[in-house]
Amino acid sequence: MFPVAFVMGVTSDVQETLHVARLIGTKTAVNEFIAYKKLGDLISSPSQKLSPRSAMIATYALCGFSNFCTIGIALGILGGLAPSKKQVLSGTIFRALLTGCVCCLYTATLAGILVHDPELCRPSNAAMTCFSIANELNKSTSISK
């Protein structure tokens, strides 16, 4: 998956690209929950830091239901709904898996192209505060008498 992560433009750092490629491979071979756990470990690890941009691209790349476990789920459900079409489904399901993977990777690539710096707020001093959407939503939904 390294060539895919490299073409997606994760970063020029080979180690970060390799980490993201491993995450994409884990998501495809196992499932996205294990990959997200590993991504969280990478983000919180002091020794192996991912840049915010690489973490954002990895988050988008992992967001999806396109892995090999999905094949069993889809065949089980759709095969139960249309037992006479199981052979057609089994021929189509791998193309659906590939399409789902490509869509997730395409979304991650577009996010990497459109968002150069994913950090929303970097206060220059301690007195500054960041914009919080949660605080603004709480203000607008509170009823004042």
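Positions of Cβ are set from backbone N, Cα and C atoms, glycine also.
In TrEMBL this protein carries:
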type     : residues : note
DOMAIN   : 1-112    : domain 'Concentrative nucleoside transporter C-terminal'
TRANSMEM : 57-81    : transmembrane segment
TRANSMEM : 93-115   : transmembrane segment
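Here the domain 'Concentrative nucleoside transporter C-terminal' (1-112) has a mean pLDDT of 89 out of 100. Remote same-chain residues near the transmembrane segment (93-115) are listed as 4, 8-10, 24, 28, 53, 56-68, 70-71, 74-75 (criterion: CB distance under 8 Å, separation of at least six residues from the stretch ends).
With DSSP classes pooled into helix, strand and coil, the tally for the domain 'Concentrative nucleoside transporter C-terminal' (1-112) is 91 helix, 0 strand, 21 coil.
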